[in-house]
Structures are given as structure tokens and as C-alpha cells.
Amino acid sequence: MGSLESERTVTGYAARDSSGHLSPYTYTLRNKGPEDVIVRVIYCGICHSDLVQMHNEMGMSNYPMVPGHEVVGVVTEIGSEVKKFKVGEHVGVGCIVGSCRSCSNCNGSMEQYCSKRIWTYNDVNHDGTPTQGGFASSMVVDQMFVVRIPENLPLEQAAPLLCAGVTVYSPMKHFGMTEPGKKCGILGLGGVGHMGVKIAKAFGLHVTVISSSDKKKEEALEVLGADAYLVSKDAEKMQEAAESLDYIMDTIPVAHPLEPYLALLKTNGKLVMLGVVPEPLHFVTPLLILGRRSIAGSFIGSMEETQETLDFCAEKKVSSMIEVVGLDYINTAMERLVKNDVRYRFVVDVAASNLDK
């Protein structure tokens with residue numbers, strides 16, 4: 001991607017160190033190439049993995065860092081070879097903004113598994129410039145890694161679908177978890193988990209929410225539409241539910257035992273890990289081999305699957321439960337997210353902050 005224009009300066013909210021505190025930061029966007037679109041950010045969701053990156057929990061963070069990978073905005077400019085989008089269209093940008101495009105994963109429409117994928121932030125572009133995310137006024141993104149927001153999908157509702165939504169949609173499609181009437185467990189009811197309930201119900205599955213307490217029971221059943229609720233600390237109820245589920249999607253992002261949940265699976269059942277847990281998890285093998293059960297993993301989704309997720313949710317009228325906040329509230333929102341004090345996703349109204357004025 002060659003340089004075609006002079007540099008442009010934008011403002012975002014960046015972390016300067018592992019304290020994770022976000023404050024205004026002015027920086028230069030990379031130059032627009034022939035296949036790039038410039039996106040003026042309108043909304044950006046907050047993901048738990050933003051906390052992981054901001055606080056350097058994986059030991060790979062670079063600062064200054066502008067987080068945000070659930071980006072919804074409007075196209076303001078396009079490169080000379082862009083055919084996919086027009087100026088004025090509403091678009092989304094998810095977790096990755098680049099890949100090698102030549103490996104088996106890229107050729108198989110699985111860009112998220114490319115070993116040379118480029119993260120939306122805390123990474124390096126092909127031209128050597130750092131990537132910065134959606135807590136900013138604008139972004140420059142290759143058209144291949146941009147998706148179209150359906151007209152009947154509210155923009156603020158679309159933001160969480162770009163990470164949380166596709167994170168559950170992709171394994172459901174890949175592992176065949178779409179047959180109406182099958183029984184699916186959702187372990188953990190946070191940002192990803194609540195989208196798991198909604199998308200699973202839209203596919204016609206019988207959904208059981210599994211949580212460590214009953215404090216979300218009423219909301220899970222009456223608001224999100226789950227069919228059943230299981231408290232993992234209730235040994236009697238867990239025993240009664242043994243071998244009752246076809247699948248479980250595990251969305252918990254911290255260390256936890258797997259054995260209680262493997263015991264809930266029927267023969268041939270699947271436990272699909274979706275949470276990023278930076279420490280070992282333990283289980284005994286008889287729980288797998290005596291029921292031909294399997295543990296699998298899935299990571300976000302491809303660009304094709306991301307567009308499918310948006311289109312599916314627009315068609316089925318699946319919406320995320322969000323709390324819209326301003327950039328001036330973002331540090332408080334992060335503190336609340338640490339305490340799990342959000343139902344169920346924060347979405348930042350970036351446009352209302354008038355960052356470049």
C-alpha cells in the first residue's frame with residue numbers, strides 16, 4: 001500500500017502504561033492506500049479483552065495504546081481501488097485489520113487464524129506504523145477487513161456483534177450447533193454469554209444458562225429468553241442435569257474447573273472454549289473418553305462470518321443489551337467492567353465526544 005497523501009492527525013483515548021488509565025492522545029493515521037477506507041467512528045464497544053491488553057496481562061502490550069475493536073462508523077473516503085464500499089455507508093471493523101492473504105487459513109476464509117494476522121490495535125501495520133483502535137475519531141482500514149452494517153440494525157446495537165456476536169456465531173455454525181431443539185448450555189453470562197443466549201435462541205436451540213449464582217436468573221429467563229438456569233454451586237441440581245446438554249459454550253475469561261461442566265454433556269457432547277484464559281485449566285480424561293465428549297476452541301470469526309452475524313441478527317431481530325456511555329466516562333466504565341457491573345456490554349458514543357474539534 002503506497003503513500004498517496006499527506007498524513008492526517010486524529011485524537012483518541014489511549015493507555016500510556018499498564019495502569020490502563022485512558023486519556024486523550026493525538027496521533028497520525030497511516031496514509032490511505034488504494035484499497036483502504038477511512039472510517040469516521042460513531043460507536044465502539046468495550047470488550048473484556050480490552051482490559052487484558054490495557055493492563056498488559058499477556059505481557060505483549062505496547063504503549064501508547066488506543067483500544068477498541070467493536071467499531072461502527074461511516075465511510076468518509078475510499079481508496080482508488082475500493083469497490084466494496086461507498087462514501088456515506090455505515091460499516092464495522094472488528095478484531096483484525098490485516099493478514100497475509102496467502103496461507104491456507106486466509107485462502108480458506110479463516111483470516112482470524114492466520115499467523116500473520118494484524119490486530120486492530122496493539123499491533124503493527126504492513127507499513128510499520130502501529131495499529132490503533134476505535135476509541136478514536138477515525139481509522140484507516142483495508143476494505144477486506146471492513147463489513148457492512150445492515151440498514152435495519154441500529155448502529156449502537158451492531159457494535160458488540162463485531163466481537164461478542166461473531167465469537168458465538170462462528171462456533172455455532174462450524175460445530176453444527178444450529179439444529180432446532182438441540183440443548184445448548186451457555187457458561188457465563190457476560191457480554192459474550194448474553195449474545196450466546198440470544199443467537200442460540202434465534203437458531204431454535206433449547207438454552208440453559210450456567211452461572212455461579214442465581215442473581216442473573218430472572219434476567220436470563222425473562223429478558224434474554226433462556227429456557228433454563230443452572231447454578232453451578234448447587235450440587236444437587238448439577239447432578240440432576242448430568243448428561244443433558246448437547247453443547248456448552250464456555251465464555252468465562254478466568255481460570256475455572258472444567259469437570260463439572262463436562263459432566264453435563266451427553267455422549268458426543270462438545271464443550272467449546274471461547275474465553276481467553278492465560279493459565280492452565282484442568283480435567284480428568286475419563287469424563288471425555290467415557291462419553292466420547294470433546295473440548296474444542298474457537299476464536300472470533302472470519303470476515304465472511306462477521307458479515308453473516310450482522311445479517312443474521314438483523315434478519316432475526318437479535319439485539320445486544322447495552323449501556324451507551326461517553327468517552328469522558330470510559331475509565332469508570334472500565335472499572336465497572338472489572339466488577340462485572342454492566343448489562344451486558346458498554347458501547348462508547350465516540351462521535352458525540354467531538355474528538356477532533
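Glycine is no exception: its Cβ is also placed from the backbone N, Cα and C atoms.
Feature annotation from Swiss-Prot assigns Zn(2+) 1 binding site to Cys47, His69, Glu70, Cys163; the stated evidence is similarity to another entry. Taking Cβ-Cβ distances under 8 Å and a sequence separation of 6 or more, the neighbours of Cys163 (Zn(2+) 1 binding site) in its chain are Gly45, Cys47, Ser49, His69, Glu70, Gly94, Cys95, Ile300.
Annotated NADP(+) binding site per Swiss-Prot: Ser49, Thr167, 188-193, 211-216, Thr251, Gly275, 298-300, in sequence order. Secondary structure at Ser212 (NADP(+) binding site), as computed by DSSP, is coil.
Per Swiss-Prot, Zn(2+) 2 binding site is recorded for Cys100, Cys103, Cys106, Cys114. Cβ contacts within 10 Å of Cys106 (Zn(2+) 2 binding site), excluding its own Cβ and spanning all protein chains shown: 20.
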C-beta crowding around Gly275 (NADP(+) binding site), within 10 angstroms: 22
Helix, strand or coil at Ser49 (NADP(+) binding site) [DSSP, three-state]: helix
Sparsest Cβ surroundings (other CB atoms within 10 Å) among the binding-site residues Ser49, Ser212: Ser212
Output field, Zn(2+) 1 shell: CB within 8 Å of site CB centroid, site Cys47, His69, Glu70, Cys163 dropped: Cys44, Gly45, Ile46, Ser49, Asp50, Gly68, Val71, Gly94, Cys95, Ala159, Pro160, Leu162, Ala164
